[in-house]
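Taking it in order: structure first as structure tokens, then the write-up.
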Amino acid sequence: MAVSTSFSGAKLEALLFKSASNSSSTRNLSSSHLPGFCKSIRTRRILFQRTGVSSFTPFKCELASSDVLVQNDEIDPPKSSNLSALEQLKTSAVDRYTKERSSIVVIGLSIHTTPVEMREKLAIPEAEWPRAIGELCGLNHIEEAAVLSTCNRMEIYVVALSQHRGVKEVTEWMSKTSGIPVSEICQHRFLLYNNDATQHIFEVSAGLDSLVLGEGQILAQVKQVVKVGQGVAGFGRNISGLFKHAITVGKRVRTETNIAAGAVSVSSAAVELALMKLPEPSHATARMLVIGAGKMGKLVIKHLVAKGCTKMVVVNRSEERVTAIREEMKDVEIIYKPLTEMLSCTAEADVIFTSTASESLLFTKEQVKDLPPVGHDVGGLRLFIDISVPRNVGACINNLEDVRVYNVDDLKEVVAANKEDRLRKAMEAQSIITEESKQFEAWRDSLETVPTIKKLRAYAERIRTAELEKCLSKMGDDIPKKTRRAVDDLSRGIVNKLLHGPMQHLRCDGSDSRTLSETLENMHALNRMFSLETEIAVLEQKIRAKVEQNQK
């Protein structure tokens with residue numbers, strides 16, 4: 001990857017010194033509490049969140065500047081100077097092969113950096129992902145996009161024509177759609193670029209970034225991103241390739257390591273939390289109510305059964321899903337109730353699990369305060385375990401004396417116990433992720449030669465056609481078709497023979513880094529020798545076209 005040169009040396013040096021000073025305490029905290037492996041994953045999140053500087057690539061100027069450009073007016077260039085980063089880059093003579101290409105960027109907020117109160121406002125339902133992709137790709141500096149929105153994270157992946165401008169536009173879009181001020185989003189978000197972004201989605205897919213390390217549900221959610229993205233124009237080649245490769249990595253990690261062995265899911269952690277809060281003698285007798293029979297609700301039911309629960313009430317919009325679950329678990333008494341009877345069922349329950357896609361609260365303080373008290377055999381407290389995002393249960397209910405509400409952020413208490421063992425297993429997974437990240441970046445680099453191949457062939461074809469016409473005109477109009485065809489075939493054969501060598505040097509599958517480096521050097525050499533259009537000009541044209549389209 002070439003280094004962008006958007007900043008002068010003095011300004012860059014000052015910025016890096018300031019960022020290093022600000023992040024020193026964070027580094028000390030990370031190293032003192034986490035093992036080496038965990039530090040390599042988490043430090044990247046923390047440093048991006050607080051400084052915008054990657055601990056791995058401190059000399060990526062746009063990367064180092066992206067957070068500051070959005071939030072700090074002192075470092076923004078004067079408004080009178082409207083030179084874009086691309087124009088500055090064109091005049092730079094740092095490296096004869098230096099150029100800027102589209103960057104993969106992730107703008108994210110997760111359970112590690114952001115409270116559930118903010119995540120629920122930013123959450124995008126799966127049905128809205130295509131619309132969100134369309135709106136994101138309508139921004140001036142965004143080419144491709146994908147949305148990964150779960151109960152633990154809200155992450156937007158984009159291919160940006162300019163890093164800091166793309167981040168600024170996406171952050172403003174997030175603010176507009178959620179109603180959260182840009183400044184507040186910037187306090188909690190993390191930013192990752194190119195290889196760091198690649199490693200992040202691979203870690204996510206492998207379950208290394210989950211609250212419950214190694215859990216399998218996130219892989220299904222990554223698959224769903226690809227499924228929903230198929231046919232959506234903005235889910236382009238780079239983003240599609242990234243997520244498909246992430247699925248491969250997630251499968252490989254689970255196959256080649258034992259990270260998934262004994263791992264708990266969010267649903268099982270919710271059940272464990274409920275049992276931790278109940279007196280042990282009441283585990284078999286507590287009255288259980290599950291609201292929502294979707295994927296999460298079904299898993300809650302399965303884990304309750306695994307813990308010895310033989311009777312429960314399930315409230316759902318329709319009976320069809322509950323019937324299907326009942327067929328799977330014929331030895332368990334599962335009683336279906338419609339949503340209209342939700343409050344009456346709650347009055348008769350000791351523990352209530354909520355896992356619906358409702359965007360509004362199902363339970364408010366006014367609804368719960370008049371419910372009859374629960375027995376002392378279950379501790380005298382009615383428990384609400386809310387694993388929905390947005391939340392289904394109002395936090396103010398916790399103010400009632402005989403009620404306790406727990407949400408997904410409270411599950412950390414459960415997973416802490418067996419996290420150390422899975423961290424050891426995760427070390428094995430990290431080597432796989434590093435290897436796969438290199439392969440993906442090499443594949444992406446190899447794509448750069450495709451436009452040059454097309455341009456070189458088109459250039460040769462223009463010359464062939466022009467010279468063929470000259471030849472045929474000199475031969476006269478009465479030449480036989482057979483002769484005309486033979487001359488045409490001759491010209492094509494000569495061109496193909498001449499192009500064979502250069503084309504071979506431009507084709508690379510990305511598997512060999514040495515070959516890839518030579519291929520990219522050959523590409524730049526051919527661009528210069530034949531005055532082919534440069535990648536910088538392509539980026540400028542794309543940005544100009546998007547701006548003009550948005551102004552119509």
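From the backbone N, Cα and C atoms, a Cβ is placed for every residue, glycine too.
What Swiss-Prot says about this one:
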- CYS151: active site, nucleophile (ACT_SITE)
- THR150, CYS151, ASN152, ARG153, SER210, GLU215, GLY216, GLN217, GLN221: substrate binding site (BINDING)
- GLY292, ALA293, GLY294, LYS295, MET296, GLY297: NADP(+) binding site (BINDING)
- HIS200: site 'Important for activity' (SITE)
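Residue pair HIS200 (site 'Important for activity') / SER210 (substrate binding site) shows a Cα separation of 11 Å. Sorting the recorded positions HIS200, LYS295 by the number of other Cβ atoms within 10 Å puts HIS200 first. Counted within 10 Å of its Cβ, the other Cβ atoms near CYS151 (active site, nucleophile) come to 26, all protein chains included. Relative to CYS151 (active site, nucleophile), the binding-site residues GLY216, GLN221, ALA293, GLY294, LYS295, GLY297 all have Cα atoms farther than 10 Å away. Listed in sequence order, ILE301, VAL314, ASN316, ARG321, VAL322, ILE325 are the same-chain residues at least 6 apart in sequence whose CB falls under 8 Å from the CB of ALA293 (NADP(+) binding site).
Same-chain residues that are not part of THR150, CYS151, ASN152, ARG153, SER210, GLU215, GLY216, GLN217, GLN221 yet have a Cβ within 8 Å of the Cβ center of the substrate site turn out to be LEU211, VAL212, ILE218, SER265, VAL266.
The binding-site residues in question are THR150, ASN152, SER210, and the one with the fewest Cβ neighbours inside 10 Å is THR150. Put simply, GLY297 (NADP(+) binding site) is 16 Å from ASN152 (substrate binding site) when counted between their Cα atoms. Taking the centre of the Cβ atoms of GLY292, ALA293, GLY294, LYS295, MET296, GLY297 as the NADP(+) site, the nearby residues of that chain (Cβ within 8 Å, site residues left out) are LYS298, LEU299, VAL300, ARG321, SER355, THR356. When the binding-site residues THR150, SER210, GLY216, GLN221 are compared by Cα distance to GLY292 (NADP(+) binding site), the shortest distance belongs to THR150.
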